[in-house]
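A.B. asks: Pasting the feature list from Swiss-Prot:
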- R79, R104, D131, P132, M133, L134, A135, T136, G137, G138, T139, D200: 5-phospho-alpha-D-ribose 1-diphosphate binding site (BINDING)
- I194, G199, D200, A201: uracil binding site (BINDING)
Amino acid sequence: MSVKEINHPLVQHKLGLMREAGISSKNFRELASEVGNLLTYEATRELETETVEINGWNDQPIKVKKIKGKKITIVPILRAGLGMLDGVMQLIPNAKVSVVGLYRDEETLQPVAYFDKVVKDVEERTALIVDPMLATGGTLIATIDLLKEKGCQHIMGLFLVAAPEGIEAVVSKHPDVDIYTAAVDDKLNEHGYILPGLGDAGDKIFGTR
């Protein structure tokens, strides 16, 4: 597993704007999409390509590179992950979208899937999980478990911010999954919020609590 903190100036500038108190839902949502787009560019850097022959503009055969295989399925985790979906799809508009929703069981405190709409051939694709925040890691681990149960072998995660505790939890359970984030923040507080973090990303994206 590799954890890649994307320190590109545009990523860091936009993330800084998102951290400001009083940011509007509109601005937060737009920035989440933009940072998601930039993270996607970095995360797809290592995708395998193959050389194919096509007819060029003058109807002459030429060789070009294309992404190999069935390519990608984007997996936004409800609800906040939807805020990054548009930005990701701007770069890979033909990707299939698999949606996963989870809630936390009050007795076991474990994530339980309440919605699962995963593309049928997920075992042939790279799954790109998108969620604004990686906090405790429980939701991500449950999503990875679900995808692997369906046969998916190549999984990556995109996050605006991540907590060291969550990264450690995911590494211990799924060392083969790569994580891309705009920032590895300091820690979780006693309520499970990332510090300095972004607050509640879902509330800010959708304007509702």
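Glycine is no exception: its Cβ is also placed from the backbone N, Cα and C atoms.
Since we're looking at a predicted model, the values are computed, not measured.
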A.B. asks: When you measure from the Cβ of A201 (uracil binding site), which residues in the chain that are at least 6 apart have a Cβ under 8 Å away?
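C.D. replies: Long-range Cβ contacts: F28, A32, A80, G83, P132, M133, L160.
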A.B. asks: Would you identify the secondary structure of M133 (5-phospho-alpha-D-ribose 1-diphosphate binding site) according to DSSP, in three states?
C.D. replies: strand
A.B. asks: Counting Cβ atoms within 10 Å of each candidate's own Cβ, which of the binding-site residues G137, G199 comes out highest?
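C.D. replies: Going through G137, G199 one by one, the largest Cβ count within 10 Å is at G137.
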A.B. asks: When you put I194 (uracil binding site) at the centre and draw a 10 Å sphere around its Cα, which of the binding-site residues R79, D131, A135, G137, T139 have their Cα inside it?
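C.D. replies: Taking R79, D131, A135, G137, T139 one by one, the ones whose Cα falls within 10 Å of I194 (uracil binding site) are A135.
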A.B. asks: Could you give the Cα-Cα distance between A135 (5-phospho-alpha-D-ribose 1-diphosphate binding site) and D200 (uracil binding site), in whole Å?
C.D. replies: 11
A.B. asks: Just to be sure I understand the packing, how many Cβ atoms besides its own are within 10 Å of the Cβ of T139 (5-phospho-alpha-D-ribose 1-diphosphate binding site)?
C.D. replies: 21
